[in-house]
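So that you can see what the record holds, here are the features copied from TrEMBL:
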DOMAIN    18-404  domain 'Cation/H+ exchanger transmembrane'
TRANSMEM  6-25  transmembrane segment
TRANSMEM  32-53  transmembrane segment
TRANSMEM  94-116  transmembrane segment
TRANSMEM  170-190  transmembrane segment
TRANSMEM  202-225  transmembrane segment
TRANSMEM  295-313  transmembrane segment
TRANSMEM  319-339  transmembrane segment
TRANSMEM  351-371  transmembrane segment
TRANSMEM  383-409  transmembrane segment
Amino acid sequence: MTLSDGVYLCLGLGALGAAVLPRVVSKRPLSLPMVFLAAGVLIELLPVGVPAVDPVRERLWVEHTTEVCVIVSLMGAGLAIDRPFGWRRWSSTWRLLGITMPLTVVVVALLAWGLLDWPPAAALLLGAVLAPTDPVLAGEVRVGEPLGTEGDEDEVRFSLTSEAGLNDGLAFPFVYAAIALAAAAGTGWSADWIGSWALTDLLGRCAVGLAVGCAVGWLLGWMFFRVRASVLRLSEYMEGFVALGATFVSYGVAEVLHGYGFVSVFVTACVIRAAERSHGYHKVLHEFTEQIERLLTAVLLFLLGGYLVAGALSALTPLGAVLGVLVLLVVRPLTGWLAQVRTAMGKKERAVVALFGIRGIGSLFYLSYALGQDSFGGLERELWAIVALTVVVSVVLHGVMATPAIGYLDRRRDGAELDGRS
């Protein structure tokens, strides 16, 4: 069996699984990603000759497949958010982006440098790759379909969804910094380089992504809901595949203009949603993106499961394994909690937001992209081993905990609302 045959098999099984499994795992301490990952492991163990994808050899394929999966997920996440944009309304998001994410980059980089004795470039890359949370694998803890009413959206789901929607793009400046440091071949930092990085990669590209997202979102929102020519008013035809067009247009324009396409896609979705917040077309668009996302996620997790069996962790050292677990159980919870200090959320809600920093497909994309620019001292296999372990542990840990934790918070909130009415 060739690799392409295996991919087709994964596509077929993924499509069937994405249709059936949501109802099977509903209300259980189990998630779709867990099932897909386990299926990939089992298929690779069977004597059917399914070849495993090696992300080092098939780097370009992995990069573009994960890239498409992430941007489709970002469109769905933006369309699902009911809360209007605002500095105060989104304060929990800004805290997670401004405090949790950069602290995670720094702490993980220091751990890789200190524990693993890695060069600064590789250590910084690991921090940048593992810092962003994932919009793809966070289905159990993110907001659901568009409802059109702000009051139905709880703070925990909103915080985790909006954080994942934006920090996937905001990790890019740190990835670029790691690539530049590796290319400098140990010459180190300089004031001129830091200034150029801050102006270009940190501020400039983010600003372009934000501007493109606003412009494309406004134009498409006008076209969907307000244009006079009925043939162009796409909301009247209720066709979900238009969401893919919006995703790729926004991403493509931002990338052509050297902005961050991930930021642009999420902002585009939010602006489209704001154009006519209560319209039923948002639900159609969201459902279509969710279906495509499930299919791509299934394929990628099938292949990740196969890669685990084929030797993904052979380059993993004990200290590397410790570092991966520390990211999920120590670094994210502490930095996430710190970001929520003095917020309106209760301690239990704050704990869930701090703990559920899910790592997933975005980390796989960033790593494959960066390794296409530099070999980082020949540490490709070690980097993949740590990132793969972290993603797998996150899938299992958060998959088991998500349904009970979110269910508990929902019951607690419903009980408080009933007490308030009585």
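Using the three backbone atoms N, Cα and C, a Cβ is placed for every residue, glycine included.
Counted over residue pairs 6 or more apart, the CB atoms of the transmembrane segment (32-53) and the transmembrane segment (319-339) come under 8 Å in fewer than three pairs, which marks the two as apart. Within the same chain, residues 87, 122-124, 126-128, 130-132, 159, 163, 166-167, 170-171, 174, 317, 319-320, 322-323, 326-327, 331-332, 335-336, 338-340, 343, 353, 357, 382 sit at least 6 positions outside the transmembrane segment (94-116) and bring their C-beta atoms closer than 8 Å to a C-beta of that stretch.
Taking residue pairs at least 6 apart in sequence, the transmembrane segment (6-25) and the transmembrane segment (383-409) share fewer than three C-beta contacts under 8 angstroms.
Contact count against the transmembrane segment (295-313) (Cβ pairs under 8 Å) is highest for 6-25, out of 6-25, 319-339, 351-371.
Between the transmembrane segment (319-339) and the listed ranges 6-25, 202-225, 351-371, the one holding the most Cβ pairs under 8 Å is 351-371.
Distant neighbours of the transmembrane segment (202-225): 169-170, 172-173, 232-235, 242, 246, 249-250, 253-254, 257-272, 274-276, 279, 281; these residues of the same chain sit at least 6 beyond its ends, with a Cβ under 8 Å from one of its Cβ atoms.
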